[in-house]
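One structure is given here, and the rest of the page talks about it.
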């Protein structure tokens with residue numbers, strides 16, 4: 001028998017070529033960028049997602065959309081669209097962020113050819129952040145105005161009121177002297193909003209912004225200061241703030257709901273809100289109802305804005321985002337329905353007090369938050385208290401979403417330049433906040449509302465849908481459904497089922513394509529009240545949406561120019577994942593991802609070796625298992 005091999009020779013010898021950066025000698029570790037950080041608490045991520053998704057739209061858009069599209073019958077298409085479009089795209093975004101631990105720009109290492117999608121996302125989020133914080137500034141203005149014993153929009157007779165002003169106290173006191181048509185009058189709250197807060201009479205249109213309203217300017221400065229202080233240390237600080245801002249609105253909402261349902265006439269409003277009108281689902285308005293349901297899901301969950309991906313990128317690698325997806329999406333839907341009860345119970349009381357039908361007092365958007373509901377508050381005992389609670393709820397709802405927008409922008413850029421910007425993240429965040437504040441100053445002018453409407457209508461319209469559709473197609477077609485499912489298995493221990501795969505491959509992109517086509521076919525110019533926007537403003541708005549779409553082909557051109565070979569070879573190379581794509585921590589990199597982090601002397605021979613021999617690192621067993629699955633997949637495809 002041959003002599004036994006000496007023990008030292010039985011140990012695997014790792015070639016220098018394949019040694020991971022962390023095991024090499026030298027000062028390489030000191031050159032690594034500063035750590036991104038993670039959530040510091042178990043509930044930080046979940047509450048941040050809830051706070052991000054549950055926003056102003058749940059209060060001022062969902063109830064109105066529900067009652068105008070069939071009442072209780074609207075819940076049927078709403079939950080179907082949630083299952084087809086909302087939940088699958090939500091889970092996809094969380095999976096991309098958690099798997100790579102990268103922001104909306106750097107995550108496109110998954111397919112560098114499409115990095116323009118990330119650029120389009122950042123442009124959209126930046127535009128939305130500008131006007132969204134202006135809405136928070138309006139809320140702060142009303143919050144401070146509520147700190148009084150007599151709400152300033154309660155009566156007529158102020159310097160900003162006109163002869164058309166008529167308050168509800170006069171209506172109740174003299175029924176026999178009421179004019180036949182009270183639609184020719186204006187409520188005190190409406191004139192307070194338009195003539196005092198906005199001072200819109202000082203502007204003739206969007207081309208004539210007028211003077212800056214310094215009280216609004218100071219409120220905008222305060223809102224940006226609050227946002228900056230909360231994101232000062234990234235998710236370590238905002239993750240703690242959301243423990244209050246994501247939960248306190250529910251307490252206020254329940255208080256408003258209890259107060260609302262105890263009011264006389266409340267059931268009238270709730271009945272108007274929820275009475276099923278199934279004819280809406282069967283008549284000519286059928287497409288409109290389903291489109292409205294899909295739009296509500298699309299914007300309420302905040303998919304495509306990069307916030308979900310950013311938040312998930314700060315998770316640990318094995319966080320159960322599958323469970324979190326259902327908690328957040330279903331919680332968001334339930335919150336919207338609950339908010340509808342709180343709003344329409346008060347509107348029912350208000351309609352009874354004024355003696356008019358509910359549909360004459362029900363509005364959506366800023367008209368509900370800053371005109372109708374404040375007017376309803378004046379009819380209640382202790383009206384300043386209820387008004388303060390309502391606007392404080394809006395403040396906390398809005399701040400959560402704004403945190404996400406800002407964290408998305410800051411994370412995206414710092415992940416692109418980690419060596420330079422990560423150590424200076426607080427200073428960089430301050431620069432971004434100051435820049436967006438200065439760009440938002442035009443919104444504080446007398447004609448600022450026209451600019452806000454333009455931004456609201458176009459900044460996140462069809463451009464956002466193009467971004468989401470392209471993301472879905474790239475992940476499933478270019479990167480590959482099997483590869484994506486295998487990545488999820490590495491994180492969660494199981495692959496997504498047929499439901500998710502069917503939605504990602506067909507149902508979700510098809511639904512969003514229908515939304516996009518519908519929005520283009522049914523395009524209507526923007527308007528604010530009776531004011532119609534001029535052609536140049538419409539063109540400017542359309543360019544805002546088109547520019548975010550153009551980022552995708554622009555990114556493709558840059559990616560192709562950085563490669564070598566013929567045009568087709570360049571396109572193929574740019575569409576493949578970057579060599580350092582995968583989990584950010586080496587202990588989580590198994591299979592094809594083992595030791596392919598930046599710093600390896602030559603990752604490509606390593607990939608060949610891994611495919612051929614199954615791995616040589618301490619994670620050899622897991623790597624062999626993943627490679628075996630890949631080989632089985634290849635055999636299935638060949639059959």
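Each residue, glycine too, has its Cβ placed from N, Cα and C.
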Range annotated as transmembrane segment - as stated in TrEMBL, picked from 264-290, 426-452: 426-452
499-521, 568-590, 591-613 - the range that TrEMBL marks as transmembrane segment: 499-521
Stretch carrying transmembrane segment according to TrEMBL (options 205-226, 293-314): 293-314
Rounded inter-Cα distance in Å - residue 58 (Na(+) binding site), residue 165 (disulfide bond): 31
Two-stretch contact, the transmembrane segment (293-314) and the transmembrane segment (75-96), at least three Cβ pairs under 8 Å: yes
The transmembrane segment (541-561) in contact with the transmembrane segment (326-350), cutoff 8 A, at least 3 CB pairs, sep 6+: no
Ranked first among 45-63, 75-96, 241-258, 385-405, 458-479 for CB pairs under 8 angstroms with the transmembrane segment (117-144): 385-405
Segment proximity, the transmembrane segment (75-96) to the transmembrane segment (458-479), 3 or more C-beta pairs under 8 Å: yes
Residues from the same chain, set at least six apart from the ends of the transmembrane segment (326-350), whose C-beta lies under 8 A from its own: 46, 49-50, 53-54, 58-59, 62-63, 66-67, 75, 78-79, 82, 86-87, 90, 250, 253, 256-257, 260-261, 263-274, 296, 300-301, 358, 361-362, 368, 372-373, 375-376, 379
